[in-house]
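As given in Swiss-Prot:
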MOD_RES   Ala2  N-acetylalanine
MOD_RES   Lys13  N6-succinyllysine
MOD_RES   Ser36  phosphoserine
MOD_RES   Thr39  phosphothreonine
BINDING   Arg43, Ser272, Gly273, Gly274, Arg304  beta-D-fructose 1,6-bisphosphate binding site
MOD_RES   Thr119  phosphothreonine
MOD_RES   Ser132  phosphoserine
ACT_SITE  Glu188  active site, proton acceptor
ACT_SITE  Lys230  active site, schiff-base intermediate with dihydroxyacetone-P
MOD_RES   Ser272  phosphoserine
MOD_RES   Ser276  phosphoserine
MOD_RES   Ser299  phosphoserine
MOD_RES   Ser301  phosphoserine
MOD_RES   Ser309  phosphoserine
MOD_RES   Lys317  N6-succinyllysine
Amino acid sequence: MAHQFPALTSEQKKALSETARRIVANGKGILAADESVGTMGNRLQRIKVENTEENRRQFRELLFTVDSSVSQSIGGVILFHETLYQKDGQGKLFRDILKEKGIVVGIKLDQGVAPLAGTNKETTVQGLDGLSERCAQYKKDGADFGKWRAVLKIDNQCPSHLAIQENANTLARYASIYQQNGLVPIVEPEVIPDGSHDMEHCQYVTEKVLAAVYKALNDHHVYLEGTLLKPNMVTAGHACTKKYTPEQVAMATVTALHRTVPAAVPGICFLSGGMSEEDATLNLNAINLCPLPKPWKLSFSYGRALQASALAAWGGKAENKKATQEAFMKRALANSQAAKGQYVHMGSSDSASTQSLFTASYTY
């Protein structure tokens, strides 16, 4: 029986589907430049640069004003509220610079996490209050997609059934509100890499989480063709002593997705989860070469793993513009190649690209 109360019109569905497919077309992925003021401050502190709005603006200007050919690698950029309204040195809005390159503009809309009482320090996501109005304003101001991040951890009795169900339902509710306002939802249920668990444990938990998320999305009448998934790769915990190859990570990851993610979803854009730039690229490449059916585009939505080398090259100095932009373009191209299974590892002498970017209990 046809749904008695359709959530979206055929025109709304068409627009959402086209935007989602455009973001992940032909090896394109997402630059996650939605770090909060505090998180960006931590990054700047490591290169001994003061955390001021101007310094944050200057670094992001370098990323957004690279050669237009970046649009062959980057299909979308997720911005933080501050960044959506910032301008380059000539007074042009960043969002307009990106749109002129053919890059879709997105926005982070969750408001962080809050404790779930009665659990082992588990959390749920904040930000549903007033979300529809904020979505409408961001859509008016040029955003066409948005991100909502839920955090689940592997620990003693974690993630609990309550945490999985609560976060799945919150992700689904947000996705529905986004779509009602013409924004493609980037659904991000992150099983964080904190801990000493092995890869098999992570796969088990990831499958349980994704199954719950897609059940909730169905319950909330979310149009899957107009969404993208931003999951963790299936990896061992950061403190696990056993090491796994990219091929092992790929097989576990694609198996988990194959068991839980409907083929209607146009694209899966992995988060980097604190991996080094090079490891994030190698794992993505192996995932695309994995000999299992892959009905979705398998791409990237990286923050640290696209920016670490560029940030190190910049060092807060205007004269390092060329080196900064070259470092960013190099990583963007490498990940675009990996999204097509065409990346060739040549060995890296760049310490920034091979350095672990892991931060315990990482928050945006």
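Cβ coordinates are placed from backbone N, Cα and C, and glycine is handled just like the others.
Computed from a predicted structure; not experimentally measured.
The full span of the recorded beta-D-fructose 1,6-bisphosphate binding residues, Arg43, Ser272, Gly273, Gly274, Arg304, taken as their largest Cα to Cα distance, is 16 Å.
Ser309 (phosphoserine) carries a helical DSSP state (H, G or I). It is 10 Å from the Cα atom of Gly273 (beta-D-fructose 1,6-bisphosphate binding site) to that of Ser301 (phosphoserine). Neighbours of Ser272 (beta-D-fructose 1,6-bisphosphate binding site) among the recorded positions Lys13, Thr119, Ser132, Glu188, Ser299, Ser309, defined as a Cα within 10 Å of its Cα, are absent: none qualifies. Set side by side, the recorded positions Arg304, Lys317 differ in how many other CB atoms lie within 10 angstroms of their CB, and the most is found at Arg304.
In the structure shown, the C-beta of Ser272 has more C-beta neighbours within 10 angstroms than that of any other entry among the recorded positions Ser132, Ser272, Ser276. The Cα atom of Ser132 (phosphoserine) lies nearest to that of Lys13, taking the recorded positions Lys13, Thr119, Lys230, Ser299, Lys317 as the candidates. Of the listed modified residues Ser299, Ser309, the Cβ environment within 10 Å is emptiest of other Cβ atoms at Ser309.
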